[in-house]
Structure formats: structure tokens, C-alpha cells
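Colleague: My structure is below; once you've seen it, I'll send some questions.
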Amino acid sequence: SCLCGSAPCLLCGCCPSAKNSTISRLLFTFFLFLGTLVSIIMIIPGVEKELHKLPGFCEGSGSVLGVQPHVDCSSFLGHKAVYRMGFAMAAFFCLFAVLMVCVRSSQDPRAALQNGFWFFKFLVLVGITVGAFYIPDGTFTSVWFYFGVVGSFLFILIQLVLLIDFAHSWSQRWLRNAGESNAKGWYAALCTVTVIFYAASIAAVALLYVYYTKPEGCTEGKAFISINLILCLIVSIVSILPKIQEAQPHSGLLQASLITLYTIYVTWSALANVPTQRCNPTLLVRNSTGSAMATEPLTTWWDAPSIVGLVIFILCTLFISLRSSDHPQVNKLMLTEESGAGSGAGPGGAAEEGGVRRAYDNEQDGVSYSYTFFHLCLLLAALYIMMTLTNWYRPDESLQVLRSPWTAVWVKISSSWAGLLLYFWTLVAPLVLPDRDFS
């Protein structure tokens, strides 16, 4: 059945016959979204103020968690709670990534753990979460911050791979439709979307120069914006060069415009973490008394770049869970349906028993996606959303002030450069390696 393994379920009559592999990925993604929702609730100011009631979570019960009695962490409770929730989700997916190493088909006994026992999995996640709140404070937040930084960087790279794949698939599909139907409307739509993306990018760059730079100073911000603008211009020009068009007829400005817009977003997100009040109007520094020093109200604690990052995170994780790429190279990386060996029973076979619609096993001959890689992606996604919800902030060495470090800025800028380099490589690879098939 859809949610209850082999047992009948009241909802099965409403659920369509579906592949076991798809339902498993959706439910694991649901666990990730559930943890994200709990994290969001914990950083709501009203809820954050109530977290001090948790035994040993802040000053007054320091003997339980090892918090120094003289440290007042009352203004960091939401931050600490999100870090522990992120740790719990990361540990949960890491556990399953290890358990599912080298599972080749549903005939492996471990495949039952992947595709069933959902109630017990939920209990395991709850247990790990409760245990995470009893981790001694000490240096946990400072150390886990760097785990979050590395994981977020890797997840941003996964986002970029999926974005580049999506851009190429989008352009190819529209050009194919235009060629098959001989309708100019598809070309007009292609041009319109491209112009909109470039116009949004130009407007965003202008706003970044206005709000995140000053005529004197703010050299780093000026350099980051200018360098990324130049790099985006270069990849846009390269994408329409005659030799590139000859090697890749589907390459064009639609992909380049989408990559440019995403790069500008990452640049904006990086500038929102610059730890200089003069060059970052959205910077918020909170001290140990709970007061905030910012030009905006306290609600900027969860700012616009974080909201956009949350939306991209949701779309990306759903992409990983549901969609298979049009490109064999990406399917080989993620081992999704087109590249997996699994076929199993079809919708008309074991999908129904006694008129009840069921999830059917499509992995008897071979798994349709890499279990371990999927869990590693969700692990990195958990770290990414943890850093997003905390704005990449961390307490200083004295645990008295919560501030944004330069580490966050450089990680985001480096990821934007890595993405542009990756897209550039997809353009020039057929010319550099003419013997390989990149169709």
C-alpha cells in the first residue's frame, strides 16, 4: 500500500499505483521537510523565548549540558535548536547511507529497511532529535558550524549540476517543439524568457551596487559583484560562439541567462553575510543580552536571501526525489530510473491486490536509484537548510555575540565560481574531447 508497507491502508483507495522507489524517496524527503518545519518553528521569536524551559538547554541548567554558568545564551536558543535539529537529520540520513551501501536490488534484505518500516523510522528520527538536544554545548556549535559549511558547499554544487541539467533540458525541449511543430511561438517564448532572466540579472546587479557598496570602501563587495558580472558575460558570449553552436546546436542564451541569474543570487546571498555593517545593510549582530544591533527590525534575522534559499532547497530536493534527467551523464551520476536496471512488476501486475491500489516493487532486478547517494544528498540538504535558517551566523569565541563570519562569504562566492566553471566546461567539453559522445 502507499504508506503502510504490505498492510492494507485506508488511504490506498485514493492513492494511485506507484513505484516503490518513488514513494520511498518521497517519504524520506517528507522526513527532511518535517525536520525543516520544526527548525523554522524553533526560530520564530515567540517560540525561541520558550526554549529556555528545556532542561539544561541554557543558563541555569549548565551542569546537564556543560554550558558555562556565566554564559547567557538566551538570545541564541533558536540558533542552538536549529543546529541540533540539523545534526539529528544529518545523523539520520548518514545512518541510512551507511546501511544501504552496495544494495543492488530489492532482493537484498536491507532493501526492506529502505522501502518499509516507516513508523519505526519516524521513531528513530524522533529519538535522535531528542538525544541531540542533550549534546553538551561546549564547542559543539563552533565545530558543527564548519561541518555545515562543507556540507552546504557540496549541496550548492549539487544544486548547480541540477540547474545546468534543467537549463539544457528546457532549451532542448522547446527547440525540439519548435522544430517539430514549425511554430514561431516556441522561439518567441524562448527569447522572452531569456530577456526576462537577463533583465532581472541586470536589475539585481544594479541593486547590489547600490545597497551593498559605497563610493569609498566596501572593496570586497565591489570586487565580488564585478568579477561575477564579468564571468557571466564571458559564459554568455561563449555559449553563442559559432564553434560551440556547431558542437552543441542546443546550446544558447537561455541556459546562460538562467545560470547568470542564479550566480547573481548566490552573490547577493554572499554579500548578505559580509560582517561589515557599513557594507551590509541587512547585517544583524545579536549580543548575549538578546539585544540586536541593526538598521532593520528584528525580523531581518531571517532575511530575503534565506527565504529564496529555502525555496530553491525545496525545489532541488523534490527534483532529486521525483525527476529523472534527460541526460545520461546526470542519470549515471544519480543512478535514476533511466540508468537503473530495475523494472519489476508493472502497474498491471503486483500493483493491485483485491482491487486495492498498491505500491509495486520495480527493483527486483536492480535498484532504480542509488540508495546511498540519495541519502547523502539529503544529508547535505539537511546541512544546507541548517545554515540557511541560521543565516550562516555563529557565536564568537566568547559565546557573547552572534555574528556572520567571512567564511560564509567565501564559501558562497567560491560556489558561484565553481558553478560558472562547471557550466563553461559543459560548453567547451565537446571541443576539448572530440572523441567522446556528448549528445
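Placed from the backbone N, Cα and C atoms, the Cβ positions cover glycine too.
Annotated transmembrane segment per TrEMBL: 26-47, 81-103, 115-135, 141-164, 185-211, 223-241, 253-271, 304-322, 373-393, 413-433, in sequence order.
In terms of burial and nearby residues, how do these features look in this structure?
Modeller: Panel annotation: around the transmembrane segment (141-164), residues 79-80, 83, 86-87, 90, 255, 258-259, 262, 266, 312, 316, 319-320, 330, 333, 377, 379-384, 386-388, 392, 394-395, 407-408, 411-412, 414-415, 418-419, 422-423, 426 of the same chain, lying at least six beyond its termini, place a Cβ under 8 Å from a Cβ of the stretch.
With a cut-off of 8 Å between Cβ atoms, the residues of this chain six or more beyond the transmembrane segment (304-322) that come close are 22, 25-26, 28-29, 32-33, 36, 155, 158-159, 162, 166, 265, 268-269, 272, 282, 334, 374, 377-378, 381, 384-385, 388-389, 391.
Long-range contacts of the transmembrane segment (373-393) within the same chain: residues 25, 28-29, 32, 35-36, 39-40, 43, 79, 82-83, 85-86, 89-90, 93-94, 96-97, 100, 147-152, 154-156, 158, 272-273, 284, 301-303, 306, 309-310, 313, 316-317, 320, 334-335, 402-405, 407-408, each at least 6 residues beyond the stretch ends and with a Cβ under 8 Å from a Cβ of the stretch.
Long-range contacts of the transmembrane segment (413-433) within the same chain: residues 153, 156-157, 160-161, 163-164, 168, 224, 228, 231-232, 234-235, 238-239, 243-244, 247-248, 251, 255-256, 259, 262-263, 266-267, 270, each at least 6 residues beyond the stretch ends and with a Cβ under 8 Å from a Cβ of the stretch.
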Colleague: Have the transmembrane segment (115-135) and the transmembrane segment (26-47) got at least three CB pairs under 8 Å, pairs 6 or more apart in sequence?
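Modeller: As far as Cβ distances go (cut-off 8 Å, pairs 6 or more apart), the transmembrane segment (115-135) and the transmembrane segment (26-47) touch.
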Colleague: Taking residues 6+ outside the transmembrane segment (185-211), which of them lie with a CB under 8 Å of any CB in it?
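Modeller: Result: 171, 174-175, 177-178, 221-222, 225, 229, 232, 252-254, 257-258, 260-261, 264-265, 267-268, 271, 281.
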Colleague: Mark yes when the transmembrane segment (253-271) and the transmembrane segment (223-241) have three or more Cβ pairs under 8 Å (sequence separation 6 or more) and no when they do not.
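Modeller: Counting Cβ pairs under 8 Å (6 or more apart in sequence), the transmembrane segment (223-241) reaches the transmembrane segment (253-271), since there are 3 or more.
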Colleague: Using a Cβ cut-off of under 8 Å, list the residues of the same chain at least 6 residues beyond the transmembrane segment (81-103) that approach it.
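Modeller: Beyond its ends, the transmembrane segment (81-103) has Cβ neighbours at 28, 31-32, 35, 38-39, 42-43, 48, 51, 110-111, 113-114, 124-125, 128-129, 131-133, 135, 140-141, 144-145, 147-148, 151, 367, 371-372, 375-376, 378-379, 382-383, 385-386, 389-390.
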Colleague: Can you name the far-off residues of the same chain, 6+ from the ends of the transmembrane segment (253-271), with a Cβ under 8 Å from a Cβ of it?
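Modeller: For the transmembrane segment (253-271), the list is 156, 160, 163-164, 166-168, 170-171, 174, 190, 193-194, 197-198, 200-201, 204-205, 208, 212, 221, 224-225, 228, 231-232, 235-236, 239-240, 279-280, 305, 308-309, 408-409, 412-413, 415-416, 419-420, 423.
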